[in-house]
């Protein structure tokens, strides 16, 4: 009777997980462990920590995947309200690091409320559309825009442009799937481009420098351009097949900044080359494709809106991070999903993917 | 008006949603393809370009090490310093055949088996890209020989480095501690504290003593140099330099001459001495005997030396002054007397019988007095002067442990003093709760506090156990009439660069709530200790200032009822410890001392002469006769002839 029992336990653990998603994530995990070991100069300490984060992430993912979306949905309004309150708290009592006020000190732990908003905002907007599903009209879209704008503005004021864009993007994806008129979308895009000169004036100095550096990193090769140039050299010199694991000279001679966190992809690229990059892109595309399929098959409006927003947000993280490291997007502090070292980002992504799985598990 | 049916609406909605899904998916695939195209451009089409750039990556950031702060005594005598010397270092990652290189280097400079062993050990602990020292402290000639042959050995470098040195060796071992090479545990700790960046390129870190406690002050802040390098990684030209911020200097309250006098007075005996300035809490002398040479630890101690130090029965590595716990014996009595007076258990002029033994009502057990004939009728000052045990048995019995514990505790006994050293022991000031906890795993009969337990507590035996530092601190508090300072070795921290000076713990922490007039009665007793009829009367000969003291004897073994203590019959390790506490001058105390000499018997015999001589030197500058001409911290006393020569030369 041993084997059947073990199998029953295994089935109970594995049941809520989505097989396809787990397979792609496992691939990403293996690559991330290899590259972290190299990027941290073979620090077992960081590997240990990463394992702890991964176990925590799997646990919350399992819990979220097990919960019924209809139940979790009801937590959206209080979670959203708490998130907004905490953001106001940051504004009033926040801890300032490097000129931005992003953290709230709760005595024992310091939390970053904008991290909560990344998930809470799309949940809230999706919940809102679900609630008025049968009577939707233009006023509801207006309310939804307000729901997005309030936390967006609060984060923008910290200032944290990168996170603000990610949060508002997640909310916008819900609007998009909820059927926001094409006229408005295109009109908005035109208005945005037209307002760029105004936005430029509102940007902080460091933000402007980042944009300028992107356009021509060579203007200041030892200052602001240094990071981008060095990470491009790392990627380019990796060549088609890479320099081999633990052999990246850019990495190990300290040329790459933040090499275990935001710039870990540069380390990966240098050591595993184009082949490794395409493999990693394929794995991320796998996650995205599976997410889109789950969205297409979702049974409720809430389910399809949230699943769609989660999938698109995941894509945005991947694209913005890789684009930044490869020198086609400005440097914003966005981690590469499940590759960058850091507990908060890993766990909050696991929550989102857990919800995606639970939407996929829900049959009519 | 024709309205579409709900069904049709739903269908339209569904197809619109699916359309948007396809558009979104198409958009994402397109963007990922853009990334792929960017990678192909960077990694295939521009590969040659970037590979060359990486190869010749000409600008590297090199950390510039700050100089570690100096440690000086109160008069500016340097106790921990840095001096420059050359080291021969190898970077394993730049090496094709390391063994061959080492062999070839061996023909240029001597590489001893010890150098080789140490190199292997460091090699195992460090990363491929880090330079590892093969030989330390090269002579000028050796350095020049290697430099001339440098072209033969890529990856081999001669570097000028600063070495830490403790010129007073054993004298300062338990105060300064030492620095040592950063090991994996240090590395992990630095990583957790987020300080790793500031230690880039650093090889050493404070491991023990002040070197460890004040690591953050002493280390300083890394500088950086941007250098242009050639293809081989050698620096060609410096482009920009952010200078390091050197470590801060520490100035101690300790006087190294007093420290040496105290240390040498112990001779070959084991024990500890702590002297504190009661007006500031500054530690004037801090001795734990035996000591060790801290210089041995800086670049990795070899295992034979380590073994002999670690397994020595005299435990030279243990800092007795903060980690040694001893029953205080009769030196406890002044503090007990303060508690008794404050509680009202006895008035300052009340007389009590002090017979040869004390028995509890309804018991035949005899608590004996060290004077079998007793001392007649005594008041509290006299009881301290003659060290009457039976007087304090009775006082303790009258008070009970619940009244003793909080009052004696005021003097910091049984608690960490908070001195700026690591590993301080807290000791035991017994109480009912303490006994309950200490014997928690035993039967209730063992855990329970018995009324009789209090009797031996009253004379500093029983469960009492304190560090010599605690005794010195308590004596200083008593001397200053209840003014409490946090004892500190470091007095000033001088900011590198700005030269700004910060004082360490200069203000009293609090003042005790004893009635102010009580101190005088207890001090009178301690003054009488050194007068005719007192237990240390012999010691007062030739005093040019006033001194108050108290002898003590800490039992190491229990004596059976009816048996007599016979020092000669006991092996040395089982003989009693000799204690003395003292402060001087009595009217305005400038020094408070606690001395313990292990296994040396009665307090007046061994510990008290040391305290007297230390106090003499501190207050009058008189060098003890037996140490004349033997002290390294003081110039030899000038001979008459020398003086003439000197004046002639002038």
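Using the three backbone atoms N, Cα and C, a Cβ is placed for every residue, glycine included.
TrEMBL labels come from automatic prediction, so no person has curated them.
TrEMBL lists transmembrane segment for one of the ranges A:20-39, A:100-119, namely A:20-39. Stretch with the most C-beta contacts under 8 angstroms to the transmembrane segment (A:161-178), considering only A:79-97, A:185-203, A:305-332: A:305-332. The transmembrane segment (A:79-97) shares the most Cβ pairs under 8 Å with A:138-155, out of the stretches A:20-39, A:138-155, A:185-203, A:305-332, A:338-359. Stretch with the largest number of CB pairs closer than 8 A to the transmembrane segment (A:51-67), among A:138-155, A:185-203, A:338-359: A:338-359.
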